[in-house]
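A.B. asks: Supplied in structure tokens, the structure appears directly below.
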Amino acid sequence: MTRTPVNVTVTGAAGQIGYALLFRIASGHLLGPDVPVNLRLLEIPQGLKAAEGTAMELDDCAFPLLRNIEITDDANVGFDGANVALLVGARPRTKGMERGDLLSANGGIFKPQGKAINDNAADDIKVLVVGNPANTNALIAQAAAPDVPAERFTAMTRLDHNRAISQLAAKTGAAVSDIKKLTIWGNHSATQYPDIFHAEVAGKNAAELVNDEAWLADSFIPTVAKRGAAIIEARGASSAASAANAAIDHVFTWVNGTAQGDWTSMGIPSDGSYGVPEGIISSFPVTTKNGTYEIVQGLDINEFSRARIDASVKELTEERDAVRELGLI
Ligand SMILES: NC(=O)c1ccc[n+]([C@@H]2O[C@H](COP(=O)([O-])OP(=O)(O)OC[C@H]3O[C@@H](n4cnc5c(N)ncnc54)[C@H](O)[C@@H]3O)[C@@H](O)[C@H]2O)c1
Ligand SMILES: O=C(O)C[C@H](O)C(=O)O
């Protein structure tokens with residue numbers, strides 16, 4: 001049976017993450033090897049020519065699953081009938097910019113995009129926000145889309161999750177595939193909390209196996225939380241291929257489900273679980289099945305974890321209050 005193509009919209013398509021992302025979507029890594037896709041590339045006017053160049057290259061790959069590419073600078077066109085939206089394009093922080101200025105500039109992008117999703121996207125739309133500050137940009141877009149179920153708006157912490165797995169594998173000498181049930185809590189920022197207390201390494205509890213709180217507090221957590229800045233320092237540009245890879249992982253897992261005995265991390269609207277105020281978009285441990293996700297319940301949160309989750313959540317509530325004051329939500 002021929003499947004109906006899935007409409008995938010990518011904003012910031014001409015940027016560096018866009019360039020690392022589009023070819024993998026078109027080759028079937030986002031949704032699966034038997035799912036045809038239509039691509040919608042949304043850019044600002046200055047980005048349209050470069051997006052056209054990328055589209056030419058996509059054509060030149062002759063991907064069997066890629067049915068059609070549309071390029072536009074009109075959000076209503078870009079999100080028309082979208083089943084999956086990857087919101088990558090954002091206003092980066094520039095020198096001298098205060099946090100309020102950054103939130104306000106991004107509000108000017110994510111509020112109208114949220115409205116365009118509300119008015120034009122397909123009923124089953126799933127949104128992943130990658131553009132920073134990702135959690136609060138997702139909150140802004142979600143607030144502008146009252147007709148879309150709030151849980152369809154998610155923010156990317158999968159890159160942090162993957163970074164944490166890689167660091168833990170290196171520390172324990174285990175294979176990456178042996179690491180399960182790791183959690184990123186909170187914001188995609190330096191306050192995020194990568195939690196190994198429930199993680200397993202080849203079936204053994206990770207925190208007990210490592211048995212080194214100084215490594216956890218002084219090495220593992222800051223390495224994961226500040227990895228984005230370290231990449232910028234080393235590369236002279238922010239992470240692109242690894243960010244694109246994490247976006248692929250996030251959507252693939254959301255659509256196709258987590259493995260038995262494992263979970264993943266996603267920034268999602270809080271339902272109040274684990275004392276995280278309802279409504280803010282915070283990262284949680286989640287399982288996914290049939291295109292939906294559920295927060296893993298009943299985890300014991302020790303004092304070490306509680307303080308770190310609370311610190312990141314505090315930052316998120318401050319960002320929420322700031323965008324509320326700016327009239328963005
Ligand atoms: N959540 C994460 O883990 C994570 C990881 C890495 C990067 N990021 C963030 O992803 C974002 C994109 O990174 P990049 O390296 O691709 O940046 P980039 O500057 O290379 O590309 C951004 C693109 O977005 C476009 N754009 C700007 N405003 C737009 C709008 N209103 N509509 C459509 N397109 C628009 C620009 O023209 C540009 O082509 C940044 O905010 C970055 O900080 C997030
Ligand atoms: O773009 C950034 O500021 C860093 C990025 O969010 C990352 O985690 O690599």
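Yeah, the Cβs are placed from backbone N, Cα and C, and that goes for glycine too.
What TrEMBL lists as active site, proton acceptor is His188. Among the features that TrEMBL reports, NAD(+) binding site is placed at Gly12, Ala13, Ala14, Gly15, Gln16, Ile17, Gly18, Asn106, Gln113, Val130, Gly131, Asn132. Per TrEMBL, the feature substrate binding site maps to Arg93, Arg99, Asn132, Arg163. According to TrEMBL, the domain 'Lactate/malate dehydrogenase N-terminal' annotation covers 7-146. For 157-323, the entry in TrEMBL reads domain 'Lactate/malate dehydrogenase C-terminal'.
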A.B. asks: For the domain 'Lactate/malate dehydrogenase N-terminal' (7-146), would you mind checking the mean pLDDT of the predicted model?
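C.D. replies: So the average pLDDT across the domain 'Lactate/malate dehydrogenase N-terminal' (7-146) works out to 96.
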A.B. asks: Can you give me the Cα-Cα distance between Gly12 (NAD(+) binding site) and the residue listed as 'active site, proton acceptor' in Å, rounded to a whole number?
C.D. replies: 19
A.B. asks: In sequence order, which residues at least six apart in the same chain have a CB under 8 Å from the CB of Arg99 (substrate binding site)?
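C.D. replies: Expected: Glu319, Ala322.
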A.B. asks: Could you check what DSSP calls Gly18 (NAD(+) binding site) once collapsed to helix, strand or coil?
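C.D. replies: In three-state terms, Gly18 (NAD(+) binding site) counts as helix.
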A.B. asks: To the nearest whole angstrom, state the Cα distance for the pair Arg163 (substrate binding site) and Gly18 (NAD(+) binding site).
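C.D. replies: Cα-Cα distance, Arg163 (substrate binding site) to Gly18 (NAD(+) binding site): 20 Å.
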A.B. asks: Sort the binding-site residues Gln16, Gly18, Gln113 by C-alpha distance from Arg93 (substrate binding site) and give me just the closest.
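C.D. replies: That would be Gln16, the closest of Gln16, Gly18, Gln113 to Arg93 (substrate binding site).
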A.B. asks: Counting across all protein chains shown, how many other Cβ atoms sit within 10 Å of the Cβ of Gly12 (NAD(+) binding site)?
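C.D. replies: For Gly12 (NAD(+) binding site), the 10 Å Cβ neighbour count is 23.
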A.B. asks: At a 10 A cut-off on CB-CB distances, which of the binding-site residues Gln16, Gln113, Asn132 has the highest count?
C.D. replies: Gln113
A.B. asks: Between the residue listed as 'active site, proton acceptor' and Asn132 (substrate binding site), what is the CA-CA distance rounded to a whole number of Å?
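C.D. replies: Their Cα atoms are separated by 8 Å.
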A.B. asks: I need the least crowded one of these recorded positions (Arg93, Arg163, His188), counting other C-beta atoms within 10 angstroms of each C-beta.
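C.D. replies: Comparing Cβ neighbours within 10 Å for the recorded positions Arg93, Arg163, His188, Arg93 has the fewest.
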A.B. asks: Measuring Cβ to any atom of ligand 2 with a strict under-6 Å cutoff, which of the binding-site residues Gly12, Ala14, Arg99 qualify?
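C.D. replies: Within range of ligand 2: none.
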A.B. asks: Would you identify the secondary structure of Arg99 (substrate binding site) according to DSSP, in three states?
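C.D. replies: Where Arg99 (substrate binding site) sits, the three-state DSSP reduction gives helix.
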